[in-house]
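S.K.: Got a structure for you, questions after.
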């Protein structure tokens with residue numbers, strides 16, 4: 001039951017993020033990007049990201065307790081989101097700057113968790129588990145870099161494919 005609940009929570013967060021993204025205009029009026037809209041975009045993204053991170057922890061950390069997979073998944077997904085967003089936002093002229101703030105500063109920032117990763121790494125080091133610590137460090141840092149690049153590549157491939165993404 002607990003796993004189903006966390007999956008549902010992640011799905012609801014993703015749906016809410018998609019609905020908010022649909023409301024962002026592709027040709028913003030100057031008045032559209034006000035401090036209150038900026039705060040709202042970042043806050044909503046961060047809230048959804050943090051809830052998704054919590055859900056991933058509930059769903060995945062019990063699978064292999066020596067390595068908190070939920071934290072790893074959160075960091076890797078956040079890196080992918082950043083890569084997709086950088087590639088997409090950089091090629092769509094006139095896209096509201098709120099989109100980037102919502103996705104990168106808010107959603108990916110709330111989803112990724114350097115502090116939790118650091119605490120888990122410290123715990124492994126304190127237990128003398130140097131091999132597991134090195135593996136965890138490599139997975140988080142190397143995996144995040146790889147998924148950021150994969151996110152950017154995804155947008156590039158979608159643009160070239162018959163599926164396409166609107167320019």
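The chain as shown is numbered from 1 upward.
Yeah, the Cβs are placed from backbone N, Cα and C, and that goes for glycine too.
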S.K.: Among 11-31, 32-52, find the range that Swiss-Prot records as transmembrane segment.
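M.R.: When 11-31, 32-52 are checked in Swiss-Prot, transmembrane segment belongs to 32-52.
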S.K.: I need the most crowded of these binding-site residues: 109, 112. Count other C-beta atoms within 10 angstroms of each C-beta and give me the top one.
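M.R.: Selected residue: 112.
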